[in-house]
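According to Swiss-Prot, the protein carries these features:
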| type | residues | note |
| --- | --- | --- |
| BINDING | Gly37, Pro38, Asn39, Gly40, Ala41, Gly42, Lys43, Ser44 | ATP binding site |
| DOMAIN | 4-238 | domain 'ABC transporter' |
Amino acid sequence: MHLLETRDLTHIYRGDVHALEGVNFTAERKSRIAVIGPNGAGKSTLFKHFNGILKPTSGEVLVRGEPITKENVREVRKFVGIVFQNPDDQIFSPTVEQDIAFGPINLGLDEATVAHRVEEALHLLGIEELRERVPHHLSGGEKKRVAIAGILAMEPQVLVLDEPTAGLDPQGVADLVAFVNRLPEEYGMTVVFSTHHLDLVAEMADYIYVMDKGRVVGSGTVEEVFTRPELLTQTRLDVPPIPKLIRSLRENGVAIDMAYTYEDAKKSFLDAYARRA
């Protein structure tokens, strides 16, 4: 049984706009999944089906093997938490602390449990000093962390992040990557995210879905997807700089191991240098 699954999922908006066409997707426990594709590929629409924000035109969405229904959608939203690309879409309380508490309160939790979850979320995102601040006076990166904290306080098993690095400075991106990579092992969570920053995908994901025009046009491990440049080119994407550079070196006769992350690339270059010395 998959933790999260879609079967032949199709969504048509008013005006006969086909946003999703026969999408099949699965997510397992403690996995990190990237969904990549150009603007308009259907990534955000797909994500909104994961916890019942949108209903399929046809096909189905299964959470822990059960279809999402009117009767169980509240439980589904405890299990699958979504952070939208624009944090202003989900931040609305007078203070950061109140905003993070909103979700747990609406789950019907007692005051002590709510307070504990808020403290945990503030600590996990490193935003304890923001607790009394007005959310709409925060920077874009701070708002993003508050939005994530608000979802984490509900303790979902699946965290869905729509373009989580959008609007973040380099340090904010590095912090987010480190944070996402902690969640599966330390908290047993599954993370599904979309991004246009393909250089980050190998740092953050175990598996990739490639979307274009509402369809899944390819999927596989980081290695399987990034060794198919034609797949990325046809979807107006490009192979990230690290594997592109190493592939070029290999094609020019340099004996160097393929790598996809910064740390692996550093090791490959040092090993190649040692062999030539």
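Cβ from N, Cα, C; glycine included.
Here the features listed in Swiss-Prot are painted onto the structure.
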residue	record	Cβ within 10 Å
Gly37	ATP binding site	25
Pro38	ATP binding site	13
Asn39	ATP binding site	8
Gly40	ATP binding site	13
Ala41	ATP binding site	25
Gly42	ATP binding site	22
Lys43	ATP binding site	25
Ser44	ATP binding site	18
Mapped onto three states, the DSSP assignment of Gly40 (ATP binding site) reads coil
Overall pLDDT for the domain 'ABC transporter' (4-238), taken as the rounded mean: 95
Take the mean position of the Cβ atoms of Gly37, Pro38, Asn39, Gly40, Ala41, Gly42, Lys43, Ser44, the recorded ATP site. Which other residues of that chain put their Cβ within 8 Å of it? Ser194, Met211, Asp212
